[in-house]
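Undergrad: Next up is a structure, given as structure tokens.
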Amino acid sequence: MTTVVPVSGGDFRPYEVVVGRGLMAELGERMAPLARGRTVVITDETVGRLHGAAALASLKAAGVHGRLLTVPPGEGSKSFAELERVIDRMLAFQLDRKDVVVALGGGVVGDLAGLAAALFMRGIDFVQVPTTLLAQVDSSVGGKTAIDTPRGKNLVGTFHQPRLVVADIDVLATLPERQLRSGWAEVLKHGLICDADFFDWLSGEGAAGAAGDPGALERAVVRSVEIKSAIVGEDEKEAGRRALLNLGHTFGHAIEAELGFDETKLTHGEAVALGCALAFRFSVEIGACQPEEGAKVKAALDAAVLPTRLTQVGAFRAAALVKRMAGDKKAEGGRLTLILARRIGEAFVSKDVDAAAVTAFLEREIAGR
Ligand SMILES: NC(=O)c1ccc[n+]([C@@H]2O[C@H](COP(=O)([O-])OP(=O)(O)OC[C@H]3O[C@@H](n4cnc5c(N)ncnc54)[C@H](O)[C@@H]3O)[C@@H](O)[C@H]2O)c1
Ligand SMILES: O=C(O)C(=O)C[C@@H](O)[C@H](O)[C@H](O)COP(=O)(O)O
Ligand SMILES: [Zn+2]
């Protein structure tokens, strides 16, 4: 069964997220009304090899001319250098304002291609065809596009909403296990933010999704997209409620930056898992949340073989992590903003968090206490 989740609200043009099986074959047909001219399919080398031909064949069958533009796989492609190269190729292909970019890949391709589309001739349309679980449940929806700088994650970017998102559950069959589990962290995050029943299902019967069961994956993708769509519709530019989607990310992004964005050490999803565990433990420590809730979060993450302790990941300095956290986009005047929780399913934005308390907390975590 195919599910269509609408994304609408605020100032942006509404669009649909289509979730189901066998959708790659329908890509051309679904895109034809948007792509009056040509498309460039931006992908990475791995996804291009596995799914590029199917995407191009589907476009061709619908009379849409497409060509592939390939970037190296990995977080390193979210860079000024790669952005420049991609835009230069788009100019060399003589794309014009009526042409459409297709982002075929995980969150890295989506963030980079989305930013290239936003900048090219001051902005052209783009379509997200997410091929990782993480991209299907999170990065393909909501219009955040960005590259990293050595100073931090996603520090240069725009809000540029896609015209359409096509999430084919079948493409997840080729995804390595570790990537599937990374995406699962963002799925669990959606339950933790605002849907305790969803979290309970994910921790029980639904956990089959983390092991690749397509039925459970489909349900997890649909519910995640519904949750994200509702939040983005209310607050596109993260003036308030959208910051909840950053649960686990203030810690997570700092940890990723300290590891030099090396996903062989820690993927984004793993960083989010660890960040969620830390956010719940800190919430317990300040008395906002009961210890049993933190334990349930850790159990769900452990079951998905995701990290929950800094000591599992590497050696860190608390002061260095807190310095990174103060440079996060949610920080105001260097004062920390954290997403904390009252219970599973009820996260809240906490501004002006005491940096000394966070440092002391992290020192204990680093010492394994
Ligand atoms: N814009 C947003 O709202 C948002 C949300 C969450 C994450 N992100 C960003 O997304 C990025 C992480 O995305 P990701 O986890 O998808 O990583 P990724 O894009 O690097 O993909 C992970 C790996 O899986 C491979 N791959 C992708 N699809 C495949 C498939 N179907 N079969 C086999 N291999 C496949 C890729 O080549 C890559 O090596 C981070 O940069 C993060 O900051 C953005
Ligand atoms: O869409 C959002 O909003 C999110 O926060 C989703 C996050 O999972 C994602 O990693 C996002 O890219 C983080 O954004 P940032 O603004 O904290 O860089
Ligand atoms: Zn994320």
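Backbone N, Cα and C define each Cβ position, glycine as well.
Because TrEMBL annotations are produced automatically, they should be read as predictions rather than curated entries.
Per TrEMBL, the feature NAD(+) binding site maps to Gly107, Val108, Val109, Gly110, Asp111, Thr131, Thr132, Lys144, Lys153. Look at TrEMBL and you will find Glu186, His249, His268 tagged as Zn(2+) binding site. Residues or ranges marked as domain '3-dehydroquinate synthase N-terminal' by TrEMBL: 69-181. Here TrEMBL flags 183-331 as domain '3-dehydroquinate synthase C-terminal'.
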Undergrad: DSSP on the domain '3-dehydroquinate synthase C-terminal' (183-331): how many residues come out helix, how many strand, how many coil?
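TA: Reading the DSSP string over the domain '3-dehydroquinate synthase C-terminal' (183-331) gives 107 helix, 0 strand, 42 coil.
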Undergrad: Based on Cα coordinates, which of the following binding-site residues are within 10 Å of His268 (Zn(2+) binding site): Val109, Asp111, Thr132?
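TA: Close binding-site residues: none.
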Undergrad: According to DSSP, does Val109 (NAD(+) binding site) sit in a helix, a strand, or coil?
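TA: Its secondary structure by DSSP: helix.
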Undergrad: Do you know the DSSP helix, strand and coil residue counts for the domain '3-dehydroquinate synthase N-terminal' (69-181)?
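TA: The counts are 50 helix, 33 strand, 30 coil.
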Undergrad: Could you give the Cα-Cα distance between Asp111 (NAD(+) binding site) and Glu186 (Zn(2+) binding site), in whole Å?
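TA: Rounded to the nearest whole number, the Cα-Cα distance is 16 Å.
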Undergrad: As a test of the contact definition, list every same-chain residue at least 6 positions from Glu186 (Zn(2+) binding site) whose Cβ is closer than 8 Å to its Cβ.
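TA: Long-range Cβ contacts: Leu134, Val137, Asp138, Ser224, Gly269, Val272.
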Undergrad: What does the structure give for the C-alpha distance between Gly107 (NAD(+) binding site) and His249 (Zn(2+) binding site)? Integer Å is fine.
TA: 15
Undergrad: Report the nearest neighbour of His249 (Zn(2+) binding site) in space among the binding-site residues Val109, Thr132, Lys153, comparing Cα positions.
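TA: So, of the listed binding-site residues, the one sitting closest to His249 (Zn(2+) binding site) is Lys153.
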Undergrad: Mind running the binding-site residues Gly107, Val109, Thr132, His249 against ligand 2 and keeping the ones whose CB falls under 6 Å of it?
TA: His249
Undergrad: Of all the binding-site residues here, Gly107, Val109, Lys153, which one's CB has the most other CB atoms within 10 A?
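TA: Top count of Cβ atoms within 10 Å goes to Val109.
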Undergrad: In the predicted model, what is the mean pLDDT computed over the domain '3-dehydroquinate synthase C-terminal' (183-331)?
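TA: That stretch averages a pLDDT of 97.
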Undergrad: Give me the count of other Cβ atoms within 10 A of the Cβ belonging to Asp111 (NAD(+) binding site).
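TA: Result for Asp111 (NAD(+) binding site): 25 neighbouring Cβ atoms inside 10 Å.
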Undergrad: Rounding to the nearest whole angstrom, report the longest C-alpha distance spanning Gly107, Val108, Val109, Gly110, Asp111, Thr131, Thr132, Lys144, Lys153, listed for NAD(+).
TA: 22
